[in-house]
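Student: I'd like to ask you about the structure that follows.
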């Protein structure tokens, strides 16, 4: 049967290739995990940051904003909003929503406590200090 | 239809199409919110509409995959389904859970929904595409396990063909990788890293197995080409998909706090990701050109060819467009990503499910194919939806290029919202293309109600 | 059918698709000698366009022998040796271009 | 309606032995692709992936020539050269094995494959020593662009060698049982083609990463 295309061979190549590349992915993931302490800013992963992340998630912020470029593209990138605007501005901004300007995009009012606002800012500050290989290209995100 | 238990596929297909309609309605609402920002605010803010839009997509595709599996596996295994009752029970559980989740999104503030459903016990919500409450996630796992049990048992007692084995591997992979959605570490980088193990390994990994298997099944049926031939192609395509797609995960690890080497690994492997999609296109056309019979269901052949072409364009070409790290540095998280997402999901997964529905639905309704007029109506639906999706993609790409230019490349970068105003013309055009898409969907729905002489079952 | 034809041919014609042992051995000797040249270049720290040109000429020659003789593509349909040698040519010349670019930097 | 019944085989045959091509001058045998067509598709995909990495390496080097040259000096060129010789010899043994099988001497083919397998194992051992030394010196994927490429390229290739050894093991077993003979060469030719590909890739990798400066 030389020169033909046997199904058994195609099958063997599929199983071999799939296992081979999956193992490669697992090996690379191990290496990534062991290298993360240098880039993921875990030293600053405080209780306040963790509470902030929880608030970020339970208000579905990702449904409009991007964070490190991932999310919806309806509202500004927030991975670098801390260096762009500063903590006080962020808190004042959240408190003043929605603007109610006719025809403009609106952000809901979440009625956060002062503590919750501080937690959100802590989370955004921590996020902005992750080593993202110099992304985004500029401060506008 | 050869086995009576295949008929459980019918409710799955109907539910899939129903949810598809819901997805498009919310898509239109969001398209309008992009240009009239306060539309429906505060009743349905953008984030809620988007969550409904994307979650409905995922759920209806899952319904479609399950329906396709219930139709395909008994026929391939040459035996009745292990338990049609279990399949029907799971249908209702999944439908009720899905509907309850969507209603929860719409009627209850998201943070309240999170508290009500145990998110404080195990926080998994609030991450893109994985917004479902913990209870829903657990429900998905249970439904998936019952479904896989049913299918695996069917396969074990029947003939084991390559198509059904590949399909089953894809479905098992789908269930297994979904488990990563329960892992949500506080460390944002780890969170994002494993989030992709669900999202990427689904759509650029195991879903491709499901898609290729369904396409292969329909092609065997409508072209009459030798099974041996089609199965070899199937192996080649899925090998290429996994060889490129597994390490291709790296194209999501460029800018999220992961080591720099992913820029090289991700770029090289994901640059090769169009190859399996290209092979799939060649495969579909090759088989149809060498067909050994003229199947009366011409619409199904059109959907199958459309899947090949649109998957290659959307996933292959539009994916390649921004997958190289130096390009992605500027395009990451812009409207270019949205353009790619729309055409890739439509071309690969929407179309493959509709291909299966187009082939199976007439058989489930007791005929080999629909009346000529019904088929013409269905094909109008195909062309309207497909062409308008091409335009949606082109307008979003144009918006994205302009956005990247003004906001990222320029020496004097403009703020996000200022740029959004600059590109709003393209958003208006995208909205109108979306309206045409909805018209296409209505045409497609109408084709199910066109009366006429149906082709008898003899040729099936 | 195809099977029968192939086996019939293999039995009837005393012809090898894989060359003779003698030829294989000759090629092995050449390959080893070429490797020693490459190694010597590395050990003596040779550099510059001429040396790199030599290195990749040797690599191309070795690759061509593997492709045509060891992989037995010499007797395969033309498309296959053309693809494999084309790959070698493309990779070696792009490496050359990149090296040239690095000289200016 | 197309009357053709064996679509893929026809398709395969046009790739494998198109009737229009002139035969080799010295004999009348038609042109034939050795081994299974599936493996050749796979080999092409592999060559593309390796090729992309080689080219990426070359251009990354062009952007930081000094770093690459400095760190390349620390590589063990002796180990690289020994490994080249081991792989070439291994390939040679596998060619002899195929020739033996073609001559109907399956047992002898098994011995040649065993020789090829031993050389491949030698490659693995040398490479492991090299890796241990490198890791002890603090080389990792993230320590520099050069180290990243060095590790990715050699490790990716290393895993291909290991997969190739598994295949050679299967061929050895098959040959011992007399499975390969004239007219039944598909298995051994397929495995051999994969093994030569592993060799071919190394022939570029060695001068590129270890020697070119």
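Quick reminder: no glycine exception, Cβ is built from N, Cα and C everywhere.
Residues annotated as domain 'Cytochrome oxidase subunit I profile' in TrEMBL: B:1-460. According to TrEMBL, the feature transmembrane segment maps to B:12-36, B:56-74, B:86-108, B:134-156, B:163-183, B:195-220, B:232-255, B:261-288, B:300-321, B:341-361, B:382-406, B:426-450.
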Student: Taking contact to mean 3 or more CB pairs closer than 8 A (sequence separation of 6 or more), are the transmembrane segment (B:12-36) and the transmembrane segment (B:341-361) in contact?
Tutor: yes
Student: Taking B:86-108, B:232-255, B:261-288, B:341-361, B:382-406 as candidates, which has the most Cβ pairs under 8 Å with the transmembrane segment (B:56-74)?
Tutor: B:341-361
Student: Could you give the residue numbers and ranges of same-chain residues that sit at least 6 residues beyond the transmembrane segment (B:426-450) on either side and whose C-beta is under 8 angstroms from one of its C-beta atoms?
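Tutor: Sequence-remote neighbours of the transmembrane segment (B:426-450) are 17, 20-21, 24-25, 27-28, 31-32, 34-35, 354, 361, 370-371, 373-375, 377-378, 380-389, 391-392, 395-396, 398-399, 402.
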Student: With Cβ-Cβ distances below 8 Å as the criterion, list the same-chain residues six or more beyond the ends of the transmembrane segment (B:86-108) that contact it, or say none.
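Tutor: Residues packing against the transmembrane segment (B:86-108) from afar: 5, 8, 11-12, 15, 19, 22, 44, 48, 51-52, 55-56, 59, 62-63, 66, 70, 116-117, 131-133, 135-136, 139-140, 142-143, 146-147, 149-150.
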Student: Between the transmembrane segment (B:195-220) and the transmembrane segment (B:341-361), do 3 or more CB pairs sit under 8 angstroms, pairs being 6 or more residues apart?
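Tutor: They do touch: at least three Cβ pairs between the two stretches lie under 8 Å.
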Student: Report the mean pLDDT of the predicted model across the domain 'Cytochrome oxidase subunit I profile' (B:1-460), rounded to a whole number.
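Tutor: Averaged over the domain 'Cytochrome oxidase subunit I profile' (B:1-460), per-residue pLDDT gives 95.
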